[in-house]
Amino acid sequence: MADEIKGFIFDLDGVITDTAEYHYKSWQKLADEEDLFFNREVNEQLRGVSRMESLEIILDGKEVPEEQKKEWTDRKNSYYQDYLEEITKDDILDDMEEKLMKLKKDGYKLAVGSSSRNAKKVLKHLQITDIFDTIADGHSVENAKPAPDLFLYAANNLGLKPEECVVLEDAESGVEAALAAKMKAVGVGPESRVGKAHLVYANVGDIDFDEILKKL
Ligand code: G6P
Ligand code: MG
């Protein structure tokens, strides 16, 4: 029922902007330096996954001391943060800013729900921090997606019940988190990745909020 929707929770990487390429380049640099196997295919598995969990996926069972893991994830993050310095408003995907402004004007509550610990930095560079009523990021909760915790935290900050929220996600783990939170899920990307969502759009530019409000 459309009139039940009161807020929207946006994943950041892959929904509002595309930082996946910067994550890829940073992991690739680390992998080359440390002689770890990595390529674009492996990078696809890191979508929506936390920093340390991403390293575990790259290591693929290889045992490494905790201290080493910490140094590697810190180094990857410093490469990533260097790339972030180059991000500007132009990196907002398609017409996402106009879409956000329209939703805000129509009275909907807006949140970011990102696994990234760099989310606030990215939003600042995109110059859209103030559009959102709350920002839930990689610092907000202990249990990462696919656990529902991050989205429940965001909904709570918005003062909304889970069923009043729509989540927009490009990662399988994010869609699972939204469903686990009993929220309405909109997937962005191929069916093979986000097909479990209630509604799927291939690209950010295709997202139709009138349709979402009508169908979900
Ligand atoms: C997002 C990205 C992931 C990334 C994660 C953590 O969810 O999709 O690829 O690993 O954030 O990002 P961080 O900036 O904290 O390293
Ligand atoms: Mg994402």
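Each Cβ is built from the backbone N, Cα and C atoms, and glycine gets one as well.
Pulled from TrEMBL:
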type     : residues                                   : note
ACT_SITE : D11                                        : active site, nucleophile
ACT_SITE : D13                                        : active site, proton donor/acceptor
BINDING  : 11-13, W27, 46-51, S54, K76, 114-118, K145 : substrate binding site
BINDING  : D11, D13, E169, D170                       : Mg(2+) binding site
With the fewest other Cβ atoms within 10 Å, the residue among the recorded positions D13, W27, G48, D170 is D13
Listed in sequence order, residues with CB under 8 A of E169 (Mg(2+) binding site) and six or more positions away: D11, G14, V15, G48, V175, A177, A178, A185, V186, G187, V188, V194, A197
Consider only the recorded positions D11, W27, E169, D170: which of them have a Cβ under 6 Å from an atom of ligand 1? Write none if no residue does. none
Would you mind sorting out which recorded positions among D13, W27, R51, R117 put a C-beta under 6 angstroms from ligand 2? D13
Min neighbour Cβ count (10 Å) across binding-site residues R51, R117 flags R117
Cβ within 8 Å of the Mg(2+) site's Cβ centroid: which residues qualify beyond D11, D13, E169, D170? F10, L12, G14, V15, R47, G48, S114, L168, A171, G174, V188
Surrounding CB atoms that lie within 10 Å of the CB of S114 (substrate binding site), all protein chains: 30
What Cα-Cα separation, expressed in whole Å, is found between S114 (substrate binding site) and the residue listed as 'active site, proton donor/acceptor'? 7
Hey, does DSSP put the residue listed as 'active site, proton donor/acceptor' in a helix, a strand, or just coil? strand
Between R117 (substrate binding site) and the residue listed as 'active site, proton donor/acceptor', what C-alpha distance do you get in Å? 12
Can you tell me how far the Cα of W27 (substrate binding site) sits from the Cα of D170 (Mg(2+) binding site), in Å? 20
Measure from the Cβ of the residue listed as 'active site, nucleophile' and count the other Cβ atoms within 10 Å, all protein chains considered. 28
DSSP, reduced to three states, assigns E169 (Mg(2+) binding site) to strand
Rounded to a whole angstrom, what is the C-alpha distance between D13 (active site, proton donor/acceptor) and D170 (Mg(2+) binding site)? 8
